[in-house]
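What follows is a set of notes on a single structure, which appears directly below.
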Amino acid sequence: MDLMDMDAINDLHFSGHSSLTNTPTSDEDYGCTWNHWSPIVNWDTFTGAPDDFHHLMDTIIEDRTTVLEQLSPSITTTTTTTTTTDEEEEEMETTTTTTTTAIKTHEVGDDSKGLKLVHLLMAGAEALTGSTKNRDLARVILIRLKELVSQHANGSNMERLAAHFTEALHGLLEGAGGAHNNHHHHNNNKHYLTTNGPHDNQNDTLAAFQLLQDMSPYVKFGHFTANQAIIEAVAHERRVHVIDYDIMEGVQWASLIQSLASNNNGPHLRITALSRTGTGRRSIATVQETGRRLTSFAASLGQPFSFHHCRLDSDETFRPSALKLVRGEALVFNCMLNLPHLSYRAPESVASFLNGAKTLNPKLVTLVEEEVGSVIGGFVERFMDSLHHYSAVFDSLEAGFPMQNRARTLVERVFFGPRIAGSLGRIYRTGGEEERRSWGEWLGEVGFRGVPVSFANHCQAKLLLGLFNDGYRVEEVGVGSNKLVLDWKSRRLLSASLWTCSSSDSDL
């Protein structure tokens, strides 16, 4: 299996300009220094030294380089192993006792306070729904919760987590639940926007994203796994066309462009990003700006590259006929869903994209999605499973940056608070009946075939996790071992799976 040229990777720096280029033009001439992508973060406002952090794109490339440096000598000497435990994944039960023991309540000063918070949260959820619905009781419970919890940086994990769930329950009580449903979650946190100006909100969002990259493998795990699979799938192609469902700032594609550029005979890369008319000109302008930056970056490395965008319909439906296709291109569909920094996308929109992929017979479909619990029940059961899930997330963030209290709090406030509110709002409106199946399962049922994760890709994922706290682990599961799952201890957090259409099997 071909890996990227390590000498070329080691020569590549994004601190100001790249020393690896096939053209005499500097990065500055193209206006593509990756530092311009990174937020200007006032690290003095966070505890800890500024040197604990790196610029956004520097971090991505450096982590990719570190992983591959470790991976290269091990390909022929290492056997594939997947860390397993004798314990089954812990399932949430509907009783108070089993639920509270599943939630992390350590380091709260007094474990009884953590247990009390869990009991009160469950009671609040019960008071809002079902046969015991009592809005007056719910209001009293929430008042008590607000006296006990704190989103302050010095609050414990359980206190901060309970604060976000309390805010979400309060939104449901006041009829505002799910306000984050159909839009970018961090731009629709009404409380946040009323206490911070739009400019401050944008800066905090960028800073929070950079911090999330430094604190956890949540973003890089999916990006690196998908990119490595793409590199392997198109190794002998002359032209590659990637259709990206949710490109955002395009940070995923820096390492792919870099990898292709390190191969003198690499293919021409074309990326088509989907834009959403429902969010107005800002969405389209953001996609176009992303395209300009990626184009400049590719040019600085001498990588043949072109960028296009394709508008979704007003209801965010994808129409394959809207794509500009070129004969002979190897098609790749890339779908990142429900990651901490991404917007919620309606199931109908996602289904239209994946159905459209099937009609175009792509070489590869890369899917990264949040792992959901297999809880069967109504709102209360789903509420407690969500509490269990985010308890694991908060625990992992604290383990990654134990001394950076204010940094963690910013990430939690900008990304996870609105995400919790939006998720619970959707569950509440549907009575807990919101679709829970994974999109990977759906792909298998509609005729897609799993593509096995390569040994190199699996090793890369494990080595990436080695850069973070040892509580993370990776599992290889799925149809024909086509799926890698990122776990925090016993809780599955997100997965990356690889697919192709049955009719294209012979091409792989």
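In case you wondered, yes, glycine gets a Cβ from its N, Cα and C as well.
Motif 'VHIID' is the annotation Swiss-Prot gives to one range among 145-149, 160-164, 240-244, 455-459, and that range is 240-244. In this model, the region 'SAW' (425-500) carries an average pLDDT of 91. Here the motif 'VHIID' (240-244) has, by DSSP, the following mix of helix, strand and coil residues: 0 helix, 5 strand, 0 coil.
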